[in-house]
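Participant: Below you'll find the structure I mean.
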Amino acid sequence: MQKICLLGATGSIGRSTLDVIAQYPDQFELVSVAANASVERMAEICHQFQPKRAVMGSKAARDQLASLCAGLPTQFEYGSESMESIASDDCDQVMAAIMGFAGLRPTLAGIRAGKRVLLANKESLVTAGRLFMDEVTKHKVTLMPIDSEHNAIYQCLPQSDSGVTKRDVDKVLLTASGGPFRTYSYDQMKTVTPAQACAHPNWSMGQKISVDSASLMNKGLELIEACWLFDVTPADVQVVVHPESIIHSMVSYKDGSVIAQMGNPDMKIPIAYGMTWPARIETGVEALDLFQVSQLNFEAPDLERFPNLKLASEAWYLGGTAMACLNAANEEAVAAFLKGQLSFLDIARLNQQVLERSDIKVVNDLEVVFEADEQSRVLAQQLIASEFS
Ligand code: NAD
Ligand code: MG
C-alpha cells in the first residue's frame, strides 16, 4: 500500500490523480490533501477519500471546509506550514500539483523528507533549479516527472535502477502542440481573449498553464525543466511543434535512432507511470487508435510570434535568479491577462522587460530565490500599472 499526499488536490492534475487512486484502493491510500480556496470541491474529496489531514490556503477556507465535513475523521488545517508538514508527514509519495511558485516550499519539504516526489509543479523546479536538484541528490529521492513531455523523455531514456541515464543520447526532442494560436497571424493574436487562450486544442488543464500553452511560455518553462531534470542545456533540446499531441516527446541517439513515447493525451498515463514506476498499471485511458489518428505533423516553433520560448532559453544561460524573475513576471502577466488588464501579446513584452531590468543574483540559498520572486512581481505590477496600462 502506497500512502499518497496530494498537493493541489482540487485542480486538473489533482482530479486525474484522484481518478487513478480511486481505481486502485488496495494499492493507494490518500492520506493528505492540500488546495488553496476551492472549498466545495475539497469537501467532496474529503467525503469520498476521508484523508487524515486536509489543508486549505486560508483560515476562512479551512473553517468553511470543516463545517461542510462535520463528522469526518479528517483534521482540517490551513497555511503553508501545514502544507509543508503534510508533505513530510507519514506518506510514501507526494504529488506536487500546486499551481505556480506557491508550490516550491511544500515540494521541497517532500524532497527533504525523502518521499518519492511526483513533479507536476514545474514552476518550483524552474525557479529553484540547482538547489532543488541538489536536495533531490542529497536525500536520494526518486523524482518522477509528471509533465507529459518530461514523463515521455523519462520513458525514452536508458533506464537504470535509480532512474535514467544520458548514455549515448544526442538530443532531446521536446514536443509542443503549438496551442490555440499556432496558425494565427501576429495581427490576429493582438486581440485574443482569455477564453480563447484557455481553449486548448488537445488538453484540458488549469487556466494558468492553458494561457502558458497559448503563449509558448509553457514550452519555455518546460525547456528549463528538461535542462534541470536531465542535466542538459537548451542547445541539447529541440522544440518540435506537433499539433496532434500524440507523441509526447522523443529522444534521439548518436546512432541515428529516435525513440518516441505516444499515447492519447490524458494526464492519467504519466501520473500512473510516476506512481508505479518501474511497473505499469491500467489507467482506463483508451488505447491509441493509429488508424483514427492517421497523420502526425511536425513544424519548427515560430520565435517571432512566440518570443517567450527565446526568453526562457536566455534566462537559462543568464543563470542564477534569472529563471525565478522570468517565472514571477509571467505569473503576474498571466493573472493580469486573465483579469483583462493586459493584452495577450503584452505577456511576453512584460516578461522581457522584467527580465531585462532584473538584477540577476547567484543562487546560494532559497531566500535569494524568494527575494527575486518578490522583486520581480513588484516590478511587473509597476510596469502593468504604468507602461502597459
Ligand atoms: P489548476 O489551476 O487546475 O489547479 C491548481 C491547484 O493548486 C488547485 O488545487 C489549487 O487550489 C492549488 N493552489 C493554487 N494556488 C495555491 C496556493 N497558493 N497554495 C496552495 N494551493 C494552491 O492547475 P493544474 O492544471 O492542475 O496544474 C497544476 C500544476 O501542474 C502546474 O504547475 C502546472 O504547470 C502543472 N501541470 C499541469 C498539467 C495539466 O494537464 N493540467 C500538465 C503538466 C503540468
Ligand atoms: Mg507539458
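Glycine is no exception: its Cβ is also placed from the backbone N, Cα and C atoms.
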Participant: Besides THR10, GLY11, SER12, ILE13, ASN121, GLU123, which of GLY206, GLY220, GLY256 does TrEMBL list for that NADPH site?
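Facilitator: That NADPH site, as TrEMBL gives it, pairs THR10, GLY11, SER12, ILE13, ASN121, GLU123 with GLY206.
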Participant: Would you identify which residue of GLU77, GLU81, GLU84, GLU222 TrEMBL lists as part of the Mn(2+) site it also attributes to ASP147, GLU149?
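Facilitator: The one candidate that TrEMBL places in that Mn(2+) site: GLU222.
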Participant: For the 1-deoxy-D-xylulose 5-phosphate site that TrEMBL assigns to SER148, GLU149, SER177, HIS200, SER213, ASN218, LYS219, GLU222, which of the candidates LYS115, LYS122, LYS254 is also assigned?
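Facilitator: For the 1-deoxy-D-xylulose 5-phosphate site that includes SER148, GLU149, SER177, HIS200, SER213, ASN218, LYS219, GLU222, TrEMBL also lists LYS122.
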Participant: If you average per-residue pLDDT over the domain '1-deoxy-D-xylulose 5-phosphate reductoisomerase C-terminal' (143-230), what number do you get?
Facilitator: 96
Participant: Once near-sequence residues are set aside, which residues in the chain of ASN218 (1-deoxy-D-xylulose 5-phosphate binding site), 6 or more away, have Cβ atoms under 8 Å from its Cβ?
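Facilitator: Set apart from ASN218 (1-deoxy-D-xylulose 5-phosphate binding site) by at least 6 residues yet with Cβ under 8 Å, we have GLY179, ILE209, ASP212.
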Participant: Under 6 Å from ligand 1 by C-beta, which of these binding-site residues make it: SER12, LYS122, HIS200, ASN218, GLU222? Sequence order, please.
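Facilitator: Near ligand 1, sequence order: SER12, LYS122.
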Participant: Could you put numbers on the helix, strand and coil content of the domain '1-deoxy-D-xylulose 5-phosphate reductoisomerase N-terminal' (4-129), residue by residue per DSSP?
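Facilitator: Helix (H, G, I), strand (E, B), coil: 62 helix, 27 strand, 37 coil.
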Participant: I'd like to confirm something. Which of the binding-site residues, GLU149, HIS200, GLU222, has a Cα closest to the Cα of GLU123 (NADPH binding site)?
Facilitator: GLU222
Participant: Which three-state DSSP class does GLU149 (1-deoxy-D-xylulose 5-phosphate binding site) fall into?
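Facilitator: Helix, per DSSP.
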Participant: At the Cα level, what's the spacing in Å between THR10 (NADPH binding site) and GLU222 (1-deoxy-D-xylulose 5-phosphate binding site), rounded?
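Facilitator: Distance (Cα to Cα, whole Å): 23 Å.
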